[in-house]
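According to TrEMBL, the protein carries these features:
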- Ser59, Tyr125: Fe-coproporphyrin III binding site (BINDING)
- His184, Glu275: Fe(2+) binding site (BINDING)
- 326-346: region 'Disordered' (REGION)
- 337-346: compositional bias 'Gly residues' (COMPBIAS)
Amino acid sequence: MDSTTGNAGYDALVVVSFGGPEGPEDVMPFLENVVRGRGVPRERLLEVADHYQRFGGVSPINAQCRQLIEAIEAEPAVGLPVYWGNRNWHPFLEDTVRRMKDDGVRRAAAFVTSAYSSYSSCRQYLDDIARARAAVPGAPEIVKLRHHYDHPGFVAAMADHTREALGRLPGGVRDAARLVFTAHSIPLTMARTAGPAGGAYEAQLRRTAELIVAEAAPAGRGTEREWDLVWQSRSGPPQVPWLEPDVCDHLEALHARGVGAVVLVPIGFMSDHMEVVYDLDVEAAAAADKLGMALTRAATAGVHPRFVAMIGELLAEPEPAACPATCCPRPRRDQGRGPGAEHGQE
Ligand SMILES: CC1=C(CCC(=O)O)c2cc3nc(cc4[nH]c(cc5[nH]c(cc1n2)c(C)c5CCC(=O)O)c(CCC(=O)O)c4C)C(CCC(=O)O)=C3C
Ligand SMILES: [Fe+2]
């Protein structure tokens, strides 16, 4: 059986991810890589550094990537050598591309651990790939697989995890529980220019949520389960507007409306990241506790068998159309700060 080429003739798969620190001394250099040229205030950076330090300076993201790669390597539908390269921490994508070239890879598919359109979640990864290839003479061609937000494998994994989290709520409040889907907030300027026609980040997340609601909580008791899409992990200077409401504010608003139980469903993250284990499992959990709300958090897609199988299915699809050069542009750093600030080098 020749399952090694698929329709698009790839000879390798590279998992492209964000990267995270793996010890206390990694935290500041990692954060400096993340925010270089981004205008994130120093106070915000120190606050986030403290979140990492509470976990011994170790983000869960790299271990999750290693587990995913192990699972992909064991997936018969993949049948390709699997590489891994990150934007912000070891193994850096450029080093990986060099290794791929040395191994004789000619045409690789890239699975980016982000399912949606926007500068941060799509274009920036395309730029990372282009920069890494430009630094390596004779680098392989690298084709980014399509956005998988609506793929039945991703949806099935998250629906399964949503049902499981509903099952962890006390029986008495389970039926009335509300599903609260979360994703990383982004600046409004970035949200407006996401995708070929703008607005794609939010529209895709909403679609994912709808698909999960339909699968996890089908109308059986007569009505569809109530749900919302809200935002978490806002960064940037306070005067720049980002997508709202924040998940913790939203829990308060729901409580004021008499909602007694919530399942958080982190569809914006493909695996456990610091944003999930701190911003949701520590901060949002504390907010719910204070309000006396029952709260559980659905597991991220991680290595759910349907999610892993999805990667094999994506590899078998014809080569995806490249994103138009104009979609998901890098927002200017001065956007949202009013007129007169238009001389940054970004
Ligand atoms: C849309 C989006 C995703 C989802 C898509 C994807 O998965 O790629 C994502 C993922 C992640 N973001 C991560 C970490 C950080 N993001 C930051 C800052 C920012 N994120 C942004 C957006 C996103 N981020 C933006 C617009 C900024 C402002 C600065 C800038 O314009 O770039 C900062 C700076 C400090 C702060 O939070 O203020 C950190 C440390 C980690 C690793 C977590 C871990 O270690 O477990 C992951 C997976
Ligand atoms: Fe981020």
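Glycine too: its Cβ is placed from the backbone N, Cα and C atoms.
What TrEMBL annotates, mapped onto the structure for a quick look.
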| residue | record | DSSP (3 states) |
| --- | --- | --- |
| Ser59 | Fe-coproporphyrin III binding site | coil |
| Tyr125 | Fe-coproporphyrin III binding site | helix |
| His184 | Fe(2+) binding site | strand |
| Glu275 | Fe(2+) binding site | helix |
Do me a favour and check the Cα-Cα span between Ser59 (Fe-coproporphyrin III binding site) and Glu275 (Fe(2+) binding site); whole Å is fine. 9
Looking only at C-alpha atoms, tell me how far Tyr125 (Fe-coproporphyrin III binding site) is from His184 (Fe(2+) binding site), rounded to the nearest Å. 16
What same-chain residues, at least 6 away in sequence, bring their CB to under 8 Å of the CB of Glu275 (Fe(2+) binding site)? His184, Gln232, Ser233, Pro266, Phe269
Just checking, which of Ser59, Tyr125, His184 (binding-site residues) has the fewest C-beta atoms within 10 Å of its C-beta? Tyr125
